[in-house]
Every structure is written in structure tokens, then in C-alpha cells.
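Lifted from TrEMBL, the feature list:
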type	residues	note
DOMAIN	1-253	domain 'Deacetylase sirtuin-type'
ACT_SITE	121	active site, proton acceptor
BINDING	129, 132, 154, 159	Zn(2+) binding site
Ligand SMILES: [Zn+2]
């Protein structure tokens, strides 16, 4: 791993544009369960069919009652951003990373300080009215569901719409703005760094293919991914350990940086 990380660090420091794409693996150390794969909650605990756009439109009350359970399972044990989130925010601050595109809806990149962030699948902490697009906190919406008022209604005076989570539901298209930004960022970048994504769901499946054709692709993942064969760099391990190692390697490449300062300390002072 060390040699790959050192080489990648050199590439990142010299690159004109670096975009990061993250998936569930980036949040694993924060206690967010994964959807797919071993230990994933789809299939074992929750049925995908209950969380589709179709279900929401047909049965908003049942959808929200199930969503409450899913939300508690997803975010009930979350401990906040982990070292992977902090390392990416720090790389942005160092001017090495330009933007983070994430498949996660947990908001942890923002909490860690990432400024330029594209949330492909939305933000689970927010809910919006289907009629007037008024946005409210999902905690407030869930409080209404817990009190037996499902689907939660829009608080806007005179609006009779109800709320939905501000996330992309199964069977629903991505927001064109988010998708367009992700494509453009990947297009403008010399390097695409993919962290903790199996890259099996679009557009996370095709962005690395295009990136590998145009520039360089780096994959940080605990397990083998569908795109390892296209990657110039493959680093195995928990992102909460491998990304801080990358930060240290990057700092070693940048003149004037305090090499002695560990990543942990460097991120803590932010
Ligand atoms: Zn409304």
C-alpha cells in the first residue's frame, strides 16, 4: 500500500484537477450501515420495494412509517464524520482536491468541512414539500410521523402538500443539476479518486470508466470493486485509515508543510 500511496500523492500534487467520488465505504467507520453487499440492510432488514417513488406516490403514509424505521437504523448510531471525511476536507483545504461527489445522503462530508460538495442522492436530513418545495428538517418531519401524523404535512400556511425526504428514491431519476455537476467535475479532472464505492450504480458506474480513459483513476476500497482493472492505483483498507495515510504522503510532497504534524492533529485544529 505505501508505495501506491506515495506515487498517488505525487500525482495528486501535480494534477490540475482532482475529483473524489465517495460511497458507503467512506461512512462505514461512522456507523452508517451499508445498503448492499455483506451485512447490507437491503434484503436482510428492509425491502427496497417499500422505498420506491411508486410506493411514496401510492401510499405516502406507509412510506413514511417505514422511512422512520429506516432512518433510525441508518442514522441512529452515527458518530459524526470519521477520519476519511476529515482527510478529504483537509485535502481540499490544501488545494489538492477540488470537489467531492458523494452517493451518501448522511451529510458527513459537509459536517467535516468539505466546501465543494455534490450530493448525487440528496440530503436525508432535509425534507421538502411535494407542492411548494418548501424545505424543512427531516427531524421535524419524523417527529410528526412518530406522533401518528403521516405523511407529515407542509408547514407553509395555506399549502396542503405533504413532505418527502429530499433524497433520490428508488425508481426516480437523479437531479439533473447534481448529475451535470458530477459529470463536469469528472470531465475537468486529471484524477478521479473513488473511495468506498462498488461503482455498480449509475452514474458512479460510468464516471470511473470515462476518468480512466481521459486521465487517471485511483480506487480506495476495503474490498475488490468492479473497476479495479481500470485503475492506475488500487489501495485496500478502511478509508478511515488509508485516506489519512494519503494525506501524510501528500504533505510530504508539499514543500513548506509541517511534515511532523500528524494527520490526526492537522485535522483536529481545523
Ligand atoms: Zn408546501
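All positions are counted from 1 along the displayed chain.
Backbone N, Cα and C define each Cβ position, glycine as well.
Any TrEMBL annotation is an automated prediction that lacks curation.
In the three-state DSSP reading, residue 154 (Zn(2+) binding site) counts as coil. With respect to their backbone Cα atoms, residue 159 (Zn(2+) binding site) and the residue listed as 'active site, proton acceptor' stand 26 Å from each other. Non-local neighbourhood of residue 129 (Zn(2+) binding site): 135, 136, 154, 156, 159, 161, 162, 163, 164, each in the same chain, at least six residues away, with C-beta under 8 Å from its C-beta.
If you count neighbouring Cβ atoms within 10 Å for each of the binding-site residues 132, 154, 159, the highest count belongs to 154. Apart from 129, 132, 154, 159, the residues listed for Zn(2+), the same chain places the Cβ atoms of 130, 131, 133, 134, 155, 156, 160, 161, 163 within 8 Å of the centroid of those Cβ atoms. Counting Cβ atoms from all protein chains shown, residue 121 (active site, proton acceptor) has 19 others lying within 10 Å of its own Cβ.
When the recorded positions 121, 129, 132, 154, 159 are checked against ligand 1, 129, 132, 154, 159 have a Cβ within less than 6 Å of one of its atoms.
Calculated from their C-alpha atoms, the gap between residue 132 (Zn(2+) binding site) and the residue listed as 'active site, proton acceptor' amounts to 20 Å. DSSP classifies residue 129 (Zn(2+) binding site) as strand under the three-state reduction. Taking the domain 'Deacetylase sirtuin-type' (1-253) as a whole, pLDDT averages 94 in the prediction.
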